[in-house]
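Engineer: Not my notes, these are from Swiss-Prot:
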- 67-83: compositional bias 'Low complexity' (COMPBIAS)
- 93-103: compositional bias 'Pro residues' (COMPBIAS)
- 385-402: compositional bias 'Basic and acidic residues' (COMPBIAS)
- 210-273: domain 'bZIP' (DOMAIN)
- 389: N-linked glycosylation site (CARBOHYD)
- 67-104: region 'Disordered' (REGION)
- 212-241: region 'Basic motif' (REGION)
- 252-273: region 'Leucine-zipper' (REGION)
- 381-428: region 'Disordered' (REGION)
- 1-286: topological domain 'Cytoplasmic' (TOPO_DOM)
- 304-428: topological domain 'Lumenal' (TOPO_DOM)
- 287-303: transmembrane segment (TRANSMEM)
């Protein structure tokens, strides 16, 4: 620590030699007005390599016009001071020499010594002051005070160099190192792997890899827990839906069972009704009814084709025609006598005297005498009594006609027994 304090004292003397307002070398140069820029303040916990410090002060003292090639590092945005990206390691592997486009530059002009310095400089990346010693080396001083870290303010080269002046050793030990805070999961995993990490930064590459590995495991564990939680919620939802569907299915099964029971009862009632109908019906009556229906149907079918007793059929076809022929008939004596009286009106009185008379004979005689009188009149000379006397013949024809042949036969009963036969009796 004494070595650092000695180097700090020599640096102050050098700055007083350069920038003292009374007798300094650069007292006539207004550096603040020439390059009055806003210097953004970032994380002060950064360190510059000794090679970079040496190049800067060699250019400042030796008056060289070369630009320092030492890069300026930016701190990691991680909470532990290291990057979580496995492809970036700003502490151990410096970035390329390309300077950012908005990076401020400091130009130092020296009239007497012709010293012009134009180099990239990032004040926010300076963690400690860099002061040259007598042997030409550089060393690290204290951290920049937090009171000077504002968002933007104009600075001169002297202010920049004075801001890096060393502080006491107690402040260096308190401010230059950030405490490493580990969670319970990280501590448990480190203990499980048998690894220990220091309580303060900076960490070595191996320790950083171990810490990244532990934190990656914790992230994977958390993501796995979240996925398991979502899966569990999804499965719970499916189970609830399945329970609801099962309850609905049981309800439907119960309704189906009730409908089946109702159907069975209805079928049983139908069987009973059929049995009652079959037992109450008379089978012979049913058979007789069927026979009558069959006979009626046959009769209705065959009756229009038969018609054996109708006169229209005989008259239409002309197969038979009625003929009046003399058939065998029995004539009584009185009828023969009437016919003879018509032929011989004068012989009727003689025959009447001979034959005994009955009451019927008197009637017949009266009829015969009446017919004879009519025949003797001149207007009835052409009158044929036989052709007009059709009372007996028509009566006999209507009642004694042959229905098959159509012949008409006249039958006359003899009123007297033992009388003699008529002349036409031999026609039989």
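Placed from the backbone N, Cα and C atoms, the Cβ positions cover glycine too.
Give me the local environment of each listed feature.
Structural biologist: Computed over the domain 'bZIP' (210-273), the whole-number mean pLDDT of the model equals 94.
Secondary structure of the region 'Basic motif' (212-241), assigned with DSSP and counted as helix (H, G, I), strand (E, B) and coil, comes to 30 helix, 0 strand, 0 coil.
Sequence-distant contacts of the region 'Leucine-zipper' (252-273) (same chain, six or more residues past either end, CB-CB distance under 8 Å): none.
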